[in-house]
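Peer 1: Attaching a single structure in structure tokens format; questions to follow.
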């Protein structure tokens, strides 16, 4: 009976959480369009992308980690560290940006790789290892400098002010293009490569993956390296957005990234979820902020309360779906 | 000797002792405690006094982690409780009235209890993963605290309220007395009654303990409520110590320090066996670390680096896998992983 019911449904059940997030995004956008003038334009959506390109990249890395059943608390700190290293090398040391950006990305990936190794080989919980990583990265920020360093390098400012024009008078920033490329590459890796299969398998059941002869060690280390790389790239994008490096940038961004992944329908136990969901999760978070800024009278703390409520609704929904699937 | 070497509190105790001795090397009379105006003063007293909120939060967290859960929302509960108490007191005609302060503190604690019960309901009633269930309140709770304070910092000028976090009673700082009382209460409840056993069995294997006739739901709701109550008391202490409530920054990241304290104390995040003594040691290590950083003159910018280093060393030393890999060749008998560190599997 249940097979019949499933077959009659137009949408496979595994896509339901992503679809719900998509519907919610459309509904919020429609509600905003009805309530405010000049809200229902394509540029508002693009602005959400522009303002959240860095979060999108960070959340992509977080999706990999969460799909294996792990968690990475260090992302916000690595983002801050990347902005700080970029700013100090470019502004204070006068390095060319072509050398700084690869270096920053390498540092982020190396940090992630080191955390992955500790997590796997010494069997310490990811929560604690990445927490130590968070302290380390924030600490390194303050060692570089306690003040905000502004970036005046020509390449950076040119990139920050550049516009990629789209038809209909709309535009995006180069950061958005980079973020979308990251999303596409990550989606390809997750769904069409061996590494992607291994990520889902490890998250589904590490024991089974190990018994099947899958390279669990390599996969686990790889996802933390990817997350570190994405955080560093997110940091580069944030330094373009802010044109400064500061140890207090991106405080609490790890929570935003986790929330985006969860709203996107990925299970924290690992093994189930889609990258598209994460993109939608970031968009929903961004749209909440946009609506609150359009409303004007609402204080900023309502953002937090709304995000909390939204998390609750989504988790209850996922719970309902998974309970129904089991019975 | 072997029993001492294998004791699971050995490494935390060694590290705390090492930290304290480091302090002694840099500060003369670090261990001396003296009596001034009927109050006890000294660096050791200060460590316990400033560490009191962390110890409280970590105690609640220990029980939550022992059931295999985690509570990320304690930091938000800390700020909500402080904000509500300060809001009530600032609205009173006579801020020094004892009954008014007691009522305000009571109201804050009742709200904390309700928030904890909500967490417990989400985890045990709805069946949401603890990390996500409490993430909801962690995010929304900060907003709620700012809603209570209206985004401002509420300052109060109340003698009775100041006592909770900054006052003295019976020659000891009042905060230490609260911690001792809560510690004694928790120890009696979990070690003299069956509650501790129930918590460990739920954390060891929730399904098996349910089949054995344990109401795991009730146990889980109880521990989350208790954790929130501890956080509420800690929130009163923190806001009373500075006589103000800051919805944004009070108790910020205290949940991470508390989880760290629990893990340093040897309780596994996977649930099962827990150690209250270990948690207190862990919280004291974190507080001593902060004190050490100031006393040996590490520049404040590198505080977090130092902390990351110590946390990594402690966690590595506690990891059976690391000890086996690092000490395997030289000290085989000692390097055998102590059974206490491993999760006790209850056969279903």
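Glycine is no exception: its Cβ is also placed from the backbone N, Cα and C atoms.
Per TrEMBL, transmembrane segment is recorded for A:15-32, A:44-67, A:73-91, A:98-121, A:127-145, A:166-190, A:221-243, A:255-288, A:300-321.
Buried or exposed, and what's around them? Tell me for each listed feature.
Peer 2: Same-chain residues lying 6+ beyond the ends of the transmembrane segment (A:15-32) with a Cβ under 8 Å from its Cβ atoms: 39-40, 44-45, 263-265, 273-274, 276-277, 280-281, 283-284, 287-288, 290-291, 294, 314, 317-318, 321.
With a threshold of 8 Å between CB atoms, the same-chain residues lying at least 6 positions outside the transmembrane segment (A:98-121) that come near it are 70, 72, 74, 78, 81-82, 85-86, 89-90, 129-130, 133, 136-137, 155, 216-217, 220-233, 235-236.
Listed by sequence, the residues of this chain that lie at least six past the ends of the transmembrane segment (A:127-145) yet keep a Cβ under 8 A from its Cβ atoms are 71-74, 76-78, 80-81, 84-85, 88, 111, 114-115, 118-119, 224, 246-247, 254.
Same-chain residues lying 6+ beyond the ends of the transmembrane segment (A:300-321) with a Cβ under 8 Å from its Cβ atoms: 13, 16-17, 20-21, 259, 262-263, 265, 267, 284-285, 288-289, 292.
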Peer 1: Report, as numbers and ranges, every residue of the chain located at least six residues beyond the transmembrane segment (A:166-190) whose Cβ falls under 8 Å of a Cβ in that stretch; write 'none' if there are none.
Peer 2: 42-43, 46, 49-50, 53-54, 56-57, 60, 63-64, 67, 159-160, 196, 199-200, 226, 230, 233, 237, 240-241, 275-276, 279
